[in-house]
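I have placed the structure first, in the form of C-alpha cells, so that the comments after it can refer back to it.
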C-alpha cells in the first residue's frame, strides 16, 4: 500500500465495494433496482454527490495552498510582485521554514552557530577519523546525490537530504529552529547584493578579488563572514584540501556579478505553470537550480557543493517551490512523480523506489517524502 497515494487508495476502496456488492453473504443490506420517481431521485442525488464532492475537495485544496486573484482568475503563488499573502496553514506540530531575512538577528546567529557546531563534531559515517559531522554531507552528495541529478529523484532525494541535515543540526548541536531558505527571486536584479552574503548577518560574500585561485575556474578563499578559514578536504570526488571558496561570475564571465534572470519571479512562474512532474523537475534543475551554483562558483560549482553552507538555503528554496507546485495539483501533487530512475538509468522511476543515504540515515521510499506534513516529515513554509 502506498500510504500517500490518494489515487491508489481511492481505487482500492472502489474495488472493495465492488467485491461486497458481488458477495451474496455481505453483511450490508441488499441493493436492488427500483423503478419510478424514487429511483430517479436516488440517481440524481448520487450524481450530485459524485460531481460536487471532487469540486469541493479541489476548492478546499486551493484555499489551503493558494489564493485566487478575483480580478483575472489566475493563481497567486506569493512571489514578489503578488499582492496576496502566501498560505501559512501549518499543523501545530510542524515548524515552518522561513526566509533568511525574516529571521531576527538572534535567530540568524543561532542557525550559523549550529552550522559551525557541526564542523566540530565527529563524523557519523567515519567516526574514527578527522572528518566532521558536517563533512558527511558533501561526501554523501558527491557519491550518492550525483546519481539523482538529471533524473526523477532529484527533488525527493534532496528533500530527504535536507531533512537529515535539519535533524542533525537539532540532535547534535541543540538547534531549536528549522531550516531556512534563500528566496533569490527577491534579489534577482542583483544577486550578489543579497543579504545572505552580508559578512555580519549572513554567510559572507565573494572570494578574494584578485587573489590566487584556490579551486575551479574562479574559486578564491573567502575573506569575510563566519566561515572564513574553513577548510574543505574534497573538490568534487578528488582529495584536494583547500579553503572554502567562492568566485562570483555572470553568464558572460564578468567577475563579481551573478545573473538572476533564471531565478526571477517571471522565470519561476513559468516553471510552476508546468503540469506534469517530469517536465517540472527537468526545468527546475536545468534552469533554476543550476543558475546559483554557476553564479557563486568555487565549492558550490561541484557535487561537493554542501561544503558551502548556502547550499542548504538554496535547496530549501527549491524544495519550497516543489511544495508550491504540489499544491497547484489538487489531488495529484502528492503522487505526481515520473522520469528515469537515476542519472544513467533507462529504467523508469516509481514511488516505491528507495532513497539511499549510505548509512547516514535509514533508507526510505520516495512515497514517504512526498508529503511534507506526513508521517516522516513535519514542516511547512511561510
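A Cβ is built for glycine as well, from the same backbone N, Cα and C atoms used for every other residue.
If you check TrEMBL, you get these features:
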type     : residues : note
DOMAIN   : 149-166  : domain 'Tyrosinase copper-binding'
DOMAIN   : 308-319  : domain 'Tyrosinase copper-binding'
REGION   : 75-95    : region 'Disordered'
TRANSMEM : 43-64    : transmembrane segment
Per-state residue totals over the domain 'Tyrosinase copper-binding' (308-319) - DSSP helix, strand, coil: 10 helix, 0 strand, 2 coil
Secondary structure composition of the domain 'Tyrosinase copper-binding' (149-166) [DSSP: H/G/I, E/B, coil]: 13 helix, 0 strand, 5 coil
